[in-house]
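Listed in TrEMBL:
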{"type": "DOMAIN", "residues": "68-180", "note": "domain '3-dehydroquinate synthase N-terminal'"}
{"type": "BINDING", "residues": "72-77, 106-110, 130-131, 143, 152, 170-173", "note": "NAD(+) binding site"}
{"type": "DOMAIN", "residues": "182-326", "note": "domain '3-dehydroquinate synthase C-terminal'"}
{"type": "BINDING", "residues": "185, 248, 265", "note": "Zn(2+) binding site"}
Ligand SMILES: NC(=O)c1ccc[n+]([C@@H]2O[C@H](COP(=O)([O-])OP(=O)(O)OC[C@H]3O[C@@H](n4cnc5c(N)ncnc54)[C@H](O)[C@@H]3O)[C@@H](O)[C@H]2O)c1
Ligand SMILES: [Zn+2]
């Protein structure tokens, strides 16, 4: 097992990464209250809920351990689904001292964290991410929330977990398409913050695609370390944290345009990363060779490298105008200054943005 820690001014928590951690009662026990609610979904429950529950009862047979099983899918990441969690908590008569456990991917993690932020004005929660994307990204950093029909992740809160426990064994049941989507976020870290990691990823890409466990664990560890470092500097995204959104302004536009769930988040991010790199190249920050390196890795992972069929320039511009990084009507984008260094800027030639969008049309 490897451990990282995230040190924030008002809060500190560990991120444990290793095989078989869901069954390790001693890692969870110090963070549990007598009232525990596991939040998961109908796909993950049959795979991992029993294993987790067995670990939860071990140190304390008197602990109340309940679960709520939500429908699966990004289209269910909204306030109505969250209400099921609140109803369950109230039916159980759980107090402000209860602990929520998010067992699942980013959808479950984001919803559980938001439920924890809201229930009785705030209770503790633990992240138990089971997708590659949630293990390298969404479980760390405390961004929680749900979608609204008019915009993705628009309703939410910053709420840090008490612990992140990454059991790499859970990846064994993850479908290839979901796994590849997670790799897009891994690639993002190399691009924005660590050129050496990007090189390492290129060298180990085929091992990663083959899911060689030591290489996968190393990629998760390095991704979490980079995310923790950025979040520690800027917890509530006043500045630097926005670099974690490289490719996401394009990606969110794609997700909204296609309807939640048609493209996976990581797939939309994959195309978005390539578009952001392409735009950075048009603006003269990086060379064409980098765009091709990114494209090659995405293609090898069978990730999309073109816009959804029919999505036009106006569709992008309209949806991008709703991005959270828009301030006083000015669009700000995350771009690469060079490999391993991202900037957030509104200072770009809009013509170059148009060229990028048109170039990716399919
Ligand atoms: N909070 C953040 O900082 C942050 C960062 C990135 C993404 N996100 C959010 O994360 C979400 C995407 O997360 P995701 O990619 O994990 O999607 P997801 O949670 O929908 O999980 C993907 C699919 O895999 C299934 N699954 C999960 N674990 C499995 C396992 N071990 N074996 C088999 N199937 C499994 C799920 O049930 C689901 O069908 C988006 O809503 C996105 O907005 C949040
Ligand atoms: Zn993302």
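Each residue, glycine too, has its Cβ placed from N, Cα and C.
Where the annotation comes from TrEMBL, it is an automatic prediction and has not been curated.
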Next on the checklist: Please report the distance from the Cα of residue 131 (NAD(+) binding site) to the Cα of residue 185 (Zn(2+) binding site), rounded to the nearest angstrom.
Outcome noted: 12
Next on the checklist: Looking at the binding-site residues listed here (185, 248, 265), whose Cα lies nearest to that of residue 72 (NAD(+) binding site)?
Outcome noted: 265
Item to check | Intrachain C-beta neighbours of residue 173 (NAD(+) binding site), sequence separation six or more, cut-off 8 angstroms | outcome: 47
Item to check | Candidate nearest residue 109 (NAD(+) binding site) in space, where candidates are the binding-site residues 185, 248, 265 and distance is Cα-Cα | outcome: 265
Next on the checklist: Measuring Cα to Cα, how far is residue 75 (NAD(+) binding site) from residue 265 (Zn(2+) binding site) in Å?
Outcome noted: 12
Next on the checklist: Near ligand 1, meaning Cβ under 6 Å from any of its atoms: which of the binding-site residues 72, 131, 170, 248, 265 fit that description?
Outcome noted: 72, 131, 170, 265
Checklist outcome for this item: Residues near residue 170 (NAD(+) binding site) by Cβ (under 8 Å) yet at least 6 apart in sequence within the same chain, in sequence order, are 22, 47, 48, 130
Item to check | Residue among binding-site residues 75, 131 with least C-beta crowding, 10 angstrom cut-off | outcome: 75
Next on the checklist: Quick check: of the binding-site residues listed here (185, 248, 265), which one has the Cα closest to that of residue 106 (NAD(+) binding site)?
Outcome noted: 265
